[in-house]
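Features as listed in TrEMBL:
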- 747-761: compositional bias 'Basic and acidic residues' (COMPBIAS)
- 764-783: compositional bias 'Polar residues' (COMPBIAS)
- 802-811: compositional bias 'Basic and acidic residues' (COMPBIAS)
- 78-181: domain 'CDCP1 second and fifth CUB' (DOMAIN)
- 187-290: domain 'CDCP1 third and sixth CUB' (DOMAIN)
- 314-402: domain 'CDCP1 fourth CUB' (DOMAIN)
- 411-492: domain 'CDCP1 second and fifth CUB' (DOMAIN)
- 513-626: domain 'CDCP1 third and sixth CUB' (DOMAIN)
- 732-811: region 'Disordered' (REGION)
- 636-659: transmembrane segment (TRANSMEM)
Amino acid sequence: SFTISLHKVDNTTVTIQLRSGVSRSCLIRTKNGIRSELKVKPGENVTFTFTCSAPEKYFIMEIQKNIDCVSGPCPFGDVHLYPPGLPHLNRTYIWDVKASTKAGLELKFATPWLRQVEPGEPCPDSISYNINSCIDKATVNIGTFCRNGSVSRVKLLGGMLMSLHLPWHLLLTTSGFSIANRTSIKRLCIIESILKGESSITLMSPNYPLGFPEDELMTWQFVIPSNMRASVFFHNYSLSNCERKEERVEYYIPGSPSNPEVFKLSDSQPANIAGSFNMSLQGCDQDAQNPGILRLLFQVVVRHPQVDENVTHLIDLSKERNMTVTIHLEGWPSSVPLMSEPICLICKDPRTCDRVLTLAAGAVYRISFLCKDLSRLRITAEKGIGCMDIRWCQRKVYSLSVPKAITQLPIRLHRFIWKLLATDLINIEITSPSLKLQQHVPEQRCNTSYSYGIVSATPERELNVGVFCPGGSIEKIQMRNNITISLKTFGKGFINESMPQDLKMSFVPHIKDECTFTVSPNPKAKVYLQTPNWPYGLPPYVSISWFIIVPNKQTARLGFSKDRMGIACETGRAYVNIKEETPGAEETVRREDELLPQPRNMYHNFWVNVSNCRPVDKTQLTLQFWVAFADKQIDLGIILAVVAGAGVLLAIGLTVCCVKKKKKKTQNPMVGVYNANVNTQMPGKKGLFGKERHNNDSHVYAVIDDAVVYGHLLKESNGSVSPEVDVYRPFDGPIGSLPPSPPPLSFRKDIKRSSNTEKEPPSLTDTDQDTYTFAHQKLGQSEDNGEADVKDKGDTSVPLLENKEQDVLVE
């Protein structure tokens, strides 16, 4: 059994009641019966037992002592836990002290002092203190505290309501604090914090997070050894809506020429403070209709003076425009270092320091670092370049390089971002003349110390062009819309490897495709290229082009990494277009439902264009291709053809001579026969002969003087017969620099095919190359196809010297 005996003069009440949410399977038995709650008032003596063996699971206990310091003397001194001999239950001791506002109360805590925590945050040992200030009928929660901290005293204006929460298994005999009277402090409260050695504490404004009382003033006193340095950081705050006055923070720093120093809550707070100082929070008269909330959570860090705090670094941004430089800890802003970790501070002056420092362009700064390990610091910079009128910025070339003011700092550059802004009719061109760029693909990864991430964005859509690094084959990228280029570093080698930075940018007129790449590979190189937005796929209706430059005396071999595009279109068609940039070149087109071309040889500069449709499902268009280069091989057949051509020319010359002599002797009509099956394109360059056609005999046909087969027809038509010859004439006009592209979406319709021709289009193999280039044969290419046609038909007639005129000569 337990006995609780309370003296009337102690003015103490003990209440035992069931915990909320538990069953009534355990009750209290007294001489008056069984009950679920027991209340013992001052002057009573009660003996009781519990009906279960573990009452701590069911009951809690509250011991409240009322102290009147207005009508009588206050019991100053140590506060004891009264009465003794209480059951082992979770218990709360409450001291309700009434005092006049003309005199203040002081709570002094014994070591190891207290540590403030947010409301609801548990304490490691389950022992917590809660302090409330009572002014007239208003109650303000000063804060919740755990043991083992730096808060040594709390001074209050008026009365207070102090509570101590103890778990059932801890049996403390003292409360850990004492009460003393003070003169009026003329503010809500003063909290004293003593910090010894390197440490960090977190404190909150009263009523946090509900809001600081209107037009109130409170102060924190920080006692710090004179050989230490303190810095203040605001981590979370909000402002109320003021009608009069202004919310502010005031500092009283011994030795400061301008005490008190006034700061806004949005300002960077003082840092590197030598010795003790005071900090006060002042509220304002709030708007009655919309008061808002004033609250503050901040941190004070104390540490030894840094050896390099007097070492300054010059950052000259006076010639820069539209640029900001931010120095921060690694992981910012996604990860914030724990408050207990050693911190690195960046200072604009000896007292203006913070974990994050942002410098704007147009000024010169001298900064210093309060940090034991500078390797944890990073630099992130951002620069904006815009063009609103192409007439003013078309000829300008902007260098996208990191300024020396950044590279000379003893801090690693994390990221440099260029934001390129232009109107709808102005596009952006990125070039890398000397280093060129390599696209980061799985088969050809970047292994440099830095890379460029390029993103094209509009309000409706964002296109991730890709990741690129120096030392590749891409010398130019043209893009529409606004562009963000982000240089990201890896490791510590950026300073040495980035010295010859040559990334340039210029504004150009409107381009046709969403993005165009100009690729100029090195000889014998193999280049891998892939569509932007990898691996998520191209957005609908986006067209991308690559212009591949084939080096002289080189042959390019083009191949795709898969057989099909791998999508099905809901609206429109997806196309892959391939075309060499040479007169009369044929264009190879494949739709999304067709096989992609097999690896093929390209002898001239060529275009690769990929255009997307709106796919049926979530599968998007992703395409990768490669280009390999090799030296051109001299074909033995070409040499034989040249020799044969020389022999033919000799034979024609002899024949013409014979014809001239014979014309003088014969009077019979002679018929000129045109042979359409002979390849009339002779190897060699234009202008090989000195004479033109009109002043030599190259246009005289070989004649048949003994077989006048068509003589009667010639006589009937007066010798004016023109044979009907169907000859393919390639396009001989100028070739433009625009990439091939499919027709507009509104004209992309399926070609109706008859049932006897509906089949899979044949793949373009190596043998197709001869047919593909037959009509545009250049010096050094094979003429096997033409020769084969002559042999198959058994035609032994002599070929013409030139084929510009297709007529029949009669003499």
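Glycine is no exception: its Cβ is also placed from the backbone N, Cα and C atoms.
What TrEMBL says about a protein is an automatic prediction, not a curated fact.
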Of 78-181, 187-290, 314-402, 411-492, whichever stretch has the most CB pairs under 8 A to the domain 'CDCP1 third and sixth CUB' (513-626): 411-492
For the domain 'CDCP1 fourth CUB' (314-402), the number of residues DSSP places in helix, strand and coil: 7 helix, 42 strand, 40 coil
Secondary structure tally of the domain 'CDCP1 third and sixth CUB' (187-290) (DSSP, helix then strand then coil): 0 helix, 53 strand, 51 coil
Mean of the pLDDT scores, which run from 0 to 100, over the domain 'CDCP1 third and sixth CUB' (513-626): 90
Per-state residue totals over the domain 'CDCP1 second and fifth CUB' (78-181) - DSSP helix, strand, coil: 0 helix, 64 strand, 40 coil
